[in-house]
Amino acid sequence: TTACCNFCPCTRSIPPQCRCTDIGETCHSACKTCLCTKSIPPQCHCADITNFCYPKCN
């Protein structure tokens, strides 16, 4: 999947610290730290902290 994120809160610091809080069955392709529950289907979110947000998903 292309890296995209609908919910991406950022801190007001410079540089900002942003985290994608979308939850889905997988994480986006650029995610380095993907955390998933053991449920079926799994609920995964990306734990990476970046200084930007990816474009919104369609």
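Positions of Cβ are set from backbone N, Cα and C atoms, glycine also.
Disulfide connectivity taken from Swiss-Prot links CYS20 to one of CYS5, CYS31, CYS34, CYS36, namely CYS5.
Cβ neighbour count for CYS27 (disulfide bond): 23 (other Cβ atoms within 10 Å of its Cβ, all protein chains included). Here CYS10 (disulfide bond) is positioned 17 angstrom away from CYS57 (disulfide bond), judged by their C-alpha atoms. Cα of CYS4 (disulfide bond) to Cα of CYS53 (disulfide bond): a distance of 8 Å.
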